[in-house]
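Here is what Swiss-Prot records for this protein:
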{"type": "BINDING", "residues": "Asp509, Asp520, Glu618", "note": "Mn(2+) 2 binding site"}
{"type": "BINDING", "residues": "Asp520, Glu604, Glu618", "note": "Mn(2+) 1 binding site"}
Amino acid sequence: MTIFRPHLRFLFKPHFLYFQSPAGQSSRPFSTSQILRTALDMPPPPVDTTQRLAKLRELMAQNKVDVYSMQFRYTIKAPLIITVVYSFFFFLLLALKLCLRKTAISQSTLLHVMGVETLIRITAAFISSFTGSAGCAIVSMSKAALSTDGRYFSQAAKQLDSNWTLLKRGVEGVPTWEEWTAEQAENGKVVGVDPSLITAGENLHYTPLTSVVVTNCSYVIADARKLSQTLKTTGGSLVGIDQNLIDAVWGNERPARPANQITVQPVERAGKPFEEKVEDLRKELAAKKRSAMVISTLDEIAWLFNLRGSDIPYNPVFFSYAIVTPSVAELYVDESKLSPEARKHLEGKVVLKPYDSIFQASKVLAESKASASSGSSGKFLLSNKASWSLSLALGGEQNVVEVRSPITDAKAIKNEVELEGFRKCHIRDGAALIEYFAWLENALIKEGAQLDEVDGADKLFEIRKKYDLFVGNSFDTISSTGANGATIHYKPEKSTCAVIDPKAMYLCDSGGQYLDGTTDTTRTLHFGEPTEFQKKAYALVLKGHISIDNAIFPKGTTGYAIDSFARQHLWKEGLDYLHGTGHGVGSFLYAEVPLSASNVLSNEPGYYEDGNFGIRLENLVICKEVQTAHKFGDKPFLGFESITLVPFCQKLLDASLLTEAERKWVNDYHARVWEKTSPFFEKDELTTAWLKRETQPI
């Protein structure tokens, strides 16, 4: 989806996608995926939000709340990936979040940071009708505003009704959501945050309030600090609120946390025994002279212990915490979820503790400090993405050192087994996409079938299921025709999606989770006769894609520098796109990673013309060290190995718009696509013919 920006798309620290029922009351189990999909069946936007806003303001007045602000960022892909899944549960959630007494900002940097973000987005969608994956909704007694970034300008403009003002993030002259909130909360008003839903790194003054607020959305790390500083300029302040009303309001209707089974990621696919990973972490603790690390990031826990779950849609993680000391590794998880294989995997090596006991255990850890014999400073290591409440349980600043998690860095560097898994799964996934595109063209052109965007996405899933080691999609498929392709994180819904027009551009962004790796591929096709401008725009995007693929740069180069390689050709024509050129990808996990050898990243420049079409060309690449004639400063140089194997659209390829070197790149790439994928279609004449045509030299 969207490379090279130090951001948030896939590094996700989720926490509770569930709420427990009070003691003595039954809990209703639920399927996370089912809930996510149910929520997507919302009325066609825009929705008239007048009554909802009136009710919100009524509750705000009753509770003496001047401003209600809710920042959200989902983290899965597809419009988003997490970009991707969107709404549901609004009514109960909404009601709750309104019961505040002070100015309230609802965030989503939860304890784990991802699960509840989904619920927040649901609430945000309900109050604003905007279903995008990132933004901030702010409501005062007389105004309502929605701030979002360039990926969602088009979508927000379509979904917001006249009650709302769209704050286009990054556009000159448009206030940030923090500035807009400060304007509404001036003259001594208070903005409240739930300490379990904000990162520990904020070091905000903790002032418990009798009435609460908040909920979640991710990555408020810098935002909370910035908001706090901004509020001070108008006399406002930001405080921690001790209680969360969601549990109280939801009552018996609150769903239980997922009880999906946890399985083992065998060392043949993980590439390294979990015992060695734990020992590596202990060495890191010793080097930093820390007595323990408390881990709350779900993908880090799954990676560390070579375990996989399915508590978060499209992401093989499970709700848990972990504590690693020089002598003990503890996993806080619902034991009933562990498969017999997983129990045996951990037996005698990891101490299992109840999931809900993590805060009490953290308090005990803080009280005991580190043993004198350990030689440590007695402080505990905590990720700077962990919740403020977890930091407080460990004793706060005097006991905790908040840093970039060493596990994040360790898992970002894929080992050879993981890299080989990526290469192999991309061959199979490439074959699946080739089969799909061949089928789609035949159905539309030869058979004259009427297929909508969801029909296409469903067929692709059906095809992928036939290929070895397929687990499921890695995000909701973006199947978009014509103008819908211009909505960067478009999510087709059966009730409102368009019929695929063979005379228009078709953009398909999809990915699969395989036992040996994760895929993410975008191709833009045309089944009829594209315009000259469409072919030119396609060539400009392809040139940028090739520039990234051919890039060679010294180790330590920032992503921003490389991002410009992809945009340069569009810039020369006065064109651009409003998303990053790529993102990091996990190994049957999710992760946003910096540029380093053995990282797996996406290369996906694009161009979008509102109301007309969108173009995006995405391959996954492995960052690797390359040989150069010289090594300036004795630094190694890095480059990329493209592992995606799907041809580019011949009807959109105009060889005259490419240089000789670019044409050679395309021909070499297509030759490799044919070599690797054609054996899958020895008995499939339709797909073989399509693949042969699409990979012919230009």
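Here, residue 1 is simply the first one shown, and the rest follow in order.
Each Cβ is built from the backbone N, Cα and C atoms, and glycine gets one as well.
If you take the Cα of Asp509 (Mn(2+) 2 binding site) and the Cα of Glu604 (Mn(2+) 1 binding site), they are about 10 angstrom apart, rounded to a whole number. Taking only the Cα positions, the spacing between Glu618 (Mn(2+) 2 binding site) and Glu604 (Mn(2+) 1 binding site) is 4 angstrom. Cα of Asp520 (Mn(2+) 2 binding site) to Cα of Glu604 (Mn(2+) 1 binding site): a distance of 10 Å.
For Asp509 (Mn(2+) 2 binding site), the Cβ neighbour count at a 10 Å cut-off comes to 31, with all displayed protein chains included.
Mapped onto three states, the DSSP output places Asp509 (Mn(2+) 2 binding site) in strand.
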